[in-house]
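Peer 1: What TrEMBL shows for this protein is this:
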type	residues	note
COMPBIAS	1-14	compositional bias 'Basic and acidic residues'
COMPBIAS	15-28	compositional bias 'Polar residues'
COMPBIAS	40-51	compositional bias 'Basic and acidic residues'
DOMAIN	410-514	domain 'Cyclic nucleotide-binding'
REGION	1-56	region 'Disordered'
TRANSMEM	97-117	transmembrane segment
TRANSMEM	129-150	transmembrane segment
TRANSMEM	239-259	transmembrane segment
TRANSMEM	310-327	transmembrane segment
Amino acid sequence: MRERTNHYKEKLSDTDISSAETSPTTSFVEPKPRQPPPPIKEESKEEKETEAPEPLEQDEEHYCDMLCCKFKRPSLRKRLQSLMIPHTIDAYTDPHYVFWLFLITLSFNWNCWFIPLRCVFPFQTSNNLFYWMVMDYTCDAIYLLDMFVFQPRLQFIKGGDIIVNPPNKMSLVPFHWNTKLCYVASQLDAASVIPFDLLYAVIGFQPVLRINRVLKYRTFFEFNDRLEAILDKAYIYRYIRTTGYLLFILHINACIYYWASTYEGLGTTKWVYDGSGNMYLRCYYFAVRTLITIGGLAEPQTLFEILFQLLNYFSGVFVFSSLIGQMRDVIGAATAGQSYYRASIDKTISYMNTNKIPKVVQNRVRSWYEYTWASQGMLDESVIMEEMPTKMQLAIAIDVNLSIVNNVDLFKGCDSQMIHDLLLRLKSIVYLPGDFVCKKGEIGREMYIIKQGAVQVLGGPDDQTVLVTLKAGAVFGEISLLSVGGGNRRTANVVAQGFANLFILDKKNLSEILVHYPDSKKLLMKKARYVLNFEIYVRVSAFSINVLLGTKQAASSPHTHLSQTEEQAVIAFTAAND
C-alpha cells in the first residue's frame, strides 16, 4: 500500500508516469458456428401441380375481320358475374329491378285478365289445359322468385338510414317485413302465393282457386311509380295506363254479363246473350254500350235482369266519369308547361298593347319568348333550381355548365371549390340578333361567358367595324368586373351575332366568392392585369405608329379615347422617340 501511495504521488507530479495497474483484457467470446441452411426439399411434380395457384382466367383476344383489329372478349367468369343478382338492390335507381317489376306486372295482368275469363267463359278445355297450366305456373315461379330472391335484397330507409341486408346473413324471408310500413304488403304477397290450386285433385281444375294471385297488386303500382320516374314523357304511359283501366273494367263487365246470361239461360230472353257469334266480343260489346251509357239495348224482362242493368248503369256513370276525370288530369299535366307559356306570352302582349309599345319591340319580345321556349323548354330555369337544395343545384350545375367554365382561360388554375361556388351564381340570359350586350363607355358591373351562339366586338372610327367574333366558351368583361387599373368602363361595343345564350356573373357575387379564396383572387387579378396591359400595348402601338408617320388621326379622331394610363404611356413613348 505504501509503494502504491508513493507511486500515485509521483504520478500527480509527473503526468507521463503510467499506472502500475494493468487494464483488464477483453474476454474473447467464440462465435457460435453458423448452422448450415436446411437442404432444399425436392418437391415432386404432383405436389407442385397441386400447390400451384390456379391461373386467373384472362380475357381472350378476338380478331374481328370487319374492323381488322383485335379486341379483348370478356371472360366467361366476368359474364356470369354480370348476370348474378347482387346481394343488395336499390329499388329507386337500379334499372334491372324495374325490368323485374315489369315481369311481375305481366304475371299480375295475366292473372287479372284470364282468371275471370276462364271462370266464366268455356275457354279452358281438356285439350288446352296443359298450355294454361304452363303459363299459370310460370307466373307462380315469378311470384316466388320475387318473394324469396329479390325482396330479401331490397334496401329500405328506417329513421333516415339506408338499411342493407349483409351478404353473409342472407335469409329467405325479406328482412324489411319487420317494419310496420311493409307489414301489410308482405302479408298480401304471402297470401298471393298460397297454393289453393292443390285442390285441383279434389274438385277438378277450377280457375277460381287461383283468385288469390290478384293480391299482388302492390307490385303493379310500384312498377308504375318507378317507370314514371325514369320516363322523359311519363304522361304517355299514364294515358296508356288509364286506357287499360277502362278496357279492364269493360272486360270484367263482359264476364259478369256472360255469367248472368248463363244464369238466366242463353237465349231465354231478348236481354241475355243468345249464344250466336263470338261470345266474348258480343258480351264485350254489351259492356261498352252499358257502361258508357250509349243505350239502344233490349229492355230487361225479369227482376234479376232489371237489378243487374240498374247496377250496370250506376257503376257505369261513376266509373266512366272518374276515368274521364283522370284522363283530363293526365292531359292537363302533359300540357301544363305549354299552357304556362301561352299564358305568359298572352299577358305580355296584352301589357304591350295597353301601353302602346311599338310593333318592332313587340316582335322582338315574341321572338325572345319563342326561342327561349324552343331551346330550353321553359322561360326561367332558376325557378326550378330554387325548389331544390343547394347540393342538388350544385350537382346539376356541375353536369351542365362545368365543362364550359373549365374551358375559360381566366379560371384555369383556380381553386376547384371556387369554380363550384361560381357555378351557382351564374345567370343565363338569351340575347336576340343585334342586341347590345354591353356598350362602350358604360359602367361595367358584369362579366359574360358565352354558353351558346356568338357575339361580335365592334370598333373603328364609327364603331361599326367587326374587330373580333367571340364564340362559345369565350369570356369578356372581366377587366371591368375586377376593376384592374381603374378600368371600370366598357372599352367596346359587343353585339349578339345571332341568338346568343350568355352566362352573367355580377361584381357583387364574384366579390363574395373571392373573399374566401385569396389565392384564386391573386391569380385572377394577375391574369386581368396581363389582359389589360396587352390591350394598352395594342392601342398605344397603333397610336404611336400614326404619330411616327406624321398623321394626327389618332389624336384628332373623336372616336379615339385613351384612358389616363394609356395617355401616360403615349407621352413616355413620344418623349423616348424625341
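Positions of Cβ are set from backbone N, Cα and C atoms, glycine also.
No curator has checked TrEMBL annotations; they are predicted automatically.
Mind running through what each feature is packed against?
Peer 2: Summarised as a single figure, the pLDDT of the domain 'Cyclic nucleotide-binding' (410-514) averages 82.
Counting same-chain residues at least six beyond the ends of the transmembrane segment (97-117), those with a Cβ under 8 angstroms from any Cβ of the stretch are 89-91, 123, 135, 138-139, 142-143, 146, 150, 207-208, 210-211, 213-214, 216-217, 219-220, 222-223, 226-227, 230, 248, 251-252, 255, 280.
Within the same chain, residues 239, 242, 245-246, 249, 253, 290-293 sit at least 6 positions outside the transmembrane segment (310-327) and bring their C-beta atoms closer than 8 Å to a C-beta of that stretch.
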Peer 1: Mind checking which residues reach the transmembrane segment (129-150)? Cβ under 8 Å, same chain, six or more beyond either end.
Peer 2: 85, 89, 97, 100, 103-104, 107, 110-111, 118, 172, 174, 189-190, 192-193, 197, 205, 210, 213, 216, 219
Peer 1: With a Cβ cut-off under 8 Å, give me the same-chain residues at least six positions beyond the ends of the transmembrane segment (239-259) that come close to it.
Peer 2: 112-113, 116-117, 119-121, 224, 273, 279-280, 283-284, 286-288, 290-291, 312, 319-320, 323, 326-327, 330-331, 334
